[in-house]
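Engineer: The structure's right below; bear with me while I get my questions together.
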Amino acid sequence: KYGHNNKNYCINLSLWKEKASDSSVYRYIKEDLFTSEIYKVEIRNLPKFIGFNDLKKFLSKHGLNPHKIKLINRQTFAFVTFKNEEERDKAMKMVHGMQWKGQVLSVRLAKPKADPILRKRVREEGEGEGGPPPSKRADGEEEEEPLSVQLANVVTPLWNVPYEEQLRRKEKHCTKYLSCLFFFLNTDNLLQLTFLISSLCVLCYRQTEYRNKCEFLMSVGADGEDKTIGFRLGKYKGGSCAVVGPAQTCHVSAEAKRVVEDFQKFIRTTAYSVYSPETYEGHWKQLTVRTTRTKQAMAIVFFHPQKLDEDELGALKASMREFFTEGEGKGSGVTSLYFVREGQRTSPNPESLPCELVAGETSIHEELLGLKFQISPHSFFQVNTGAAELLYSAVGEWAQLDQDSVLLDVCCGTGTIGISLAKRVKKVIGIELSQEAVEDAKVNAKLNGLNNVEFHCGKAEDVFPNILNAVVSPSVTAIVDPPRAGLHTKVILAIRRAEHLKRLIYVSCNAKAAMTNFIDLCRAPSNRVRGAPFRPVRAMAVDLFPQTMHVEMLLLLERVDYKSQE
């Protein structure tokens with residue numbers, strides 16, 4: 001069916017390329033850079049009520065490997081991007097005319113997204129041509145807020161809200177999702193819900209200067225100063241690239257601010273410009289700063305080499321080393337300095353890029369609950385160390401561990417939770433995706449004299465089911481601390497099937513995203529979800545992110561005897 005349309009397909013592709021490249025708002029696709037936007041198709045006439053996973057499985061079943069899928073809610077079409085022209089063309093030829101659940105699918109090329117910055121510029125130029133330029137503020141109109149206030153509204157939106165009110169809002173936020181959980185479970189046990197909510201409390205440790213890790217952009221400042229390091233005033237998709245320095249922000253530590261100030265001095269002494277996401281030119285892109293309570297600091301600079309040769313890059317790194325070890329930046333407190341060649345990466349995750357040590361130690365060390373932890377450039381560690389101590393103390397109290405217990409630490413990062421509880425249990429088994437974090441976790445176990453801890457590297461959905469099935473113990477407790485999106489369905493189903501796992505503590509940084517996990521853990525058994533359900537017993541919110549609406553929620557779930565409950 002698709003064969004006789006081959007000619008029309010080639011003509012349409014040629015016209016699409018010509019039209020896209022003619023417009024300045026699509027300028028980025030003409031650069032010699034990877035972007036899946038030029039390999040995007042639109043699949044139409046999809047069956048109703050299918051989800052993201054359904055479409056992904058359907059495409060994978062036919063040997064297709066999409067780079068990204070965007071399924072429009074309650075619509076019968078989706079945008080799918082691929083990594084190269086060959087995969088895109090294969091998908092178009094294969095899927096067009098294919099039947100799925102009684103629907104005949106159609107595929108066509110999709111227009112790439114316009115660059116937000118350039119689109120905004122074109123729009124403003126068009127408005128300028130159609131009339132006089134925008135006038136200055138009228139007399140008597142309120143002056144524009146200072147840049148420091150504008151930035152505070154972006155990065156710490158609750159900065160001017162009394163802290164007691166911040167806690168009240170966060171408690172209300174968590175209560176809302178706990179109520180939703182009971183609603184979805186269709187339970188009328190209001191007494192249990194009342195107890196669960198009444199036991200919810202928000203703890204805090206430190207309201208300001210609490211972040212031990214910050215990511216700063218390098219760009220032109222909103223005040224016009226070139227080579228400025230700070231936070232972006234708005235989102236790129238909103239047409240904003242300008243940044244404001246962190247000097248007056250309330251959540252960044254004084255140590256991190258000092259590193260930023262000295263690094264800004266350094267890049268302004270170099271001949272290299274900041275990277276421009278508009279033109280894809282320039283070099284300096286990002287600075288990540290990690291600090292510890294032991295007075296160590298790690299700086300990781302991301303640099304686009306463009307067409308610089310190795311000699312030029314070597315000279316730059318040598319000057320950077322000299323500046324921070326012998327020059328003006330010596331007092332910045334940087335004990336570990338890394339250089340990352342950003343370039344055009346194949347993965348959107350900057351943590352996939354190798355780090356080159358320029359000066360200092362390979363890692364920094366932190367103390368938490370009387371234990372020592374090594375932290376490498378890409379390893380996960382809670383951004384608020386003091387509040388993390390409160391969080392882990394609560395986890396230890398709720399877990400009800402003894403010397404016969406086996407503790408499963410899922411998404412363990414550098415092993416902080418499992419290591420902090422290792423002396424109370426028979427064995428700790430940690431699972432983590434990042435190889436760098438796993439290596440740190442193993443070192444941390446040795447640093448603290450522990451020999452009952454083991455760590456496994458891999459995706460939780462691949463590793464966890466086998467480990468869980470291999471554990472033979474009358475007392476098994478799992479602690480899960482997943483990324484913002486929550487746990488993979490395979491992990492949840494494995495937890496439900498392993499009925500020797502009686503207690504589960506779920507640490508969530510996004511209760512809304514974790515709702516699907518909560519429901520699947522607690523819902524009645526079905527053909528898909530096998531094994532006795534859990535029930536929510538206790539909840540707590542720990543404020544790891546003062547001055548923002550983000551909050552960490554702790555949920556204790558215990559296995560129930562479903563037959564007796566029925």
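Cβ coordinates are placed from backbone N, Cα and C, and glycine is handled just like the others.
Any TrEMBL annotation is an automated prediction that lacks curation.
Take a look at what TrEMBL says about it:
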DOMAIN    39-112  domain 'RRM'
REGION    120-143  region 'Disordered'
BINDING   Q382, E432, D481  S-adenosyl-L-methionine binding site
ACT_SITE  C509  active site
ACT_SITE  C509  active site, nucleophile
Engineer: In whole Å, how far is D481 (S-adenosyl-L-methionine binding site) from C509 (active site) when you measure between their Cα atoms?
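Structural biologist: The separation of the Cα atoms works out to 8 Å.
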Engineer: Other than Q382, E432, D481 themselves, what residues in this chain have Cβ atoms within 8 Å of the centroid of the S-adenosyl-L-methionine site's Cβ atoms?
Structural biologist: F380, F381, C411, C412, G413, T414, T416, I417, V507
Engineer: What is the three-state DSSP composition of the domain 'RRM' (39-112), stated as helix, strand and coil residue counts?
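Structural biologist: Once the DSSP states are binned, the domain 'RRM' (39-112) shows 22 helix, 21 strand, 31 coil.
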Engineer: Using Cβ-Cβ distances, find the residues under 8 Å from Q382 (S-adenosyl-L-methionine binding site) that belong to the same chain and are at least 6 apart in sequence, listing them in sequence order.
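Structural biologist: A388, L391, T416, L544 - these are the non-local Cβ neighbours of Q382 (S-adenosyl-L-methionine binding site), listed in sequence order.
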Engineer: I need the least crowded one of these binding-site residues (E432, D481), counting other C-beta atoms within 10 angstroms of each C-beta.
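Structural biologist: D481, out of the binding-site residues E432, D481, has the fewest neighbouring Cβ atoms within 10 Å.
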Engineer: Which value does the mean pLDDT take for the domain 'RRM' (39-112) in this predicted structure?
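Structural biologist: Residues in the domain 'RRM' (39-112) carry a mean pLDDT of 88 in this prediction.
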Engineer: Could you state, as a whole number of Å, the largest distance between Cα atoms of any two of Q382, E432, D481, the listed S-adenosyl-L-methionine binders?
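Structural biologist: If we measure all Cα pairs in Q382, E432, D481, the largest is 15 Å.
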Engineer: Tell me, how many other CB atoms lie within 10 A of the CB of the residue listed as 'active site', whichever protein chain they belong to?
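Structural biologist: There are 18 such Cβ atoms around the residue listed as 'active site'.
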